[in-house]
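Structure, as structure tokens:
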Amino acid sequence: MDGGGATRGQPMLAKRPSHRERHFTAGEVVRDVIMGVSDGLTVPFALAAGLSGASAPSSLVLTAGLAEVAAGAISMGLGGYLAAQSEADHYKREMKREQEEIITVPDTEAAEIGEIMSQYGLEPHEYGPVIDGLRRNPQAWLDFMMRFELGLEKPDPKRALQSAFTIALSYVIGGLVPLLPYMFLSTAQNAMLTSVGVTLVALLFFGYIKGRFTGNRPFISAVQTAIIGALASAAAYGMAKAVQAR
């Protein structure tokens, strides 16, 4: 007897080397967080700078800033909900249309499978069995056509609410950062200078993290994010000063 335990006459299968897949699959959540935090850091920051430029007291800047954060979070969350819901509705409409085509013109749809397969370099004798298999399974056929012909992925039923909540919460977190100094410093000018420093650091950190997740150069992403926030606040501050000078 051989000690390997292999059946006689059957070749031993080579052991497949271990491999861990390291793909990032939370793209939609990250997109929502980026959208919420980036706007949350920039818009209240610019508003606070503008009001400070108009010599408004810290209490007024803080009140207006918190009101903007609340309104902005609701608006951004609602926008995220409507966008995700629109994607889901679009998927349902296209799925219904594709399902009708599979029933009414199955040969045409089967030919489209061949066209898709040929784009991957497969010959008719190679993708023919695949077509036959899909025709025997209408649901798999429908899923195949939705993904490979129309390029649509089935949306998560909870996606709309999750998107709304993620964007709104991210906006609130980002929006509170530039307002924190106004909670502790009574002089608006001192609070504004502190807010500029705190927010720029937050923008640099957020831009770096965003670059890591999106595959861009983290340092370039950090600098770009900080420059955009600085330009927005400088524009608001300058306009407030210009109006006040009249």
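Using the three backbone atoms N, Cα and C, a Cβ is placed for every residue, glycine included.
Worth saying up front: this structure is predicted, and the values here are computed from it rather than measured.
Among the features that TrEMBL reports, region 'Disordered' is placed at 1-20. Look at TrEMBL and you will find 60-84, 164-185, 191-209, 221-240 tagged as transmembrane segment.
Non-local neighbours of the transmembrane segment (191-209) in the same chain are 37-38, 41-42, 45, 48-49, 52-53, 58, 61, 174, 177-182, 184-185, 218-219, 221-226, 228-230, 233; each lies 6+ residues outside the stretch with a CB under 8 Å from one of its CB atoms. Panel annotation: around the transmembrane segment (164-185), residues 29, 32-33, 35-41, 43-45, 48, 58, 61-62, 65-66, 68-69, 72-74, 76-81, 84, 191-192, 194-195, 198-199, 202, 206 of the same chain, lying at least six beyond its termini, place a Cβ under 8 Å from a Cβ of the stretch.
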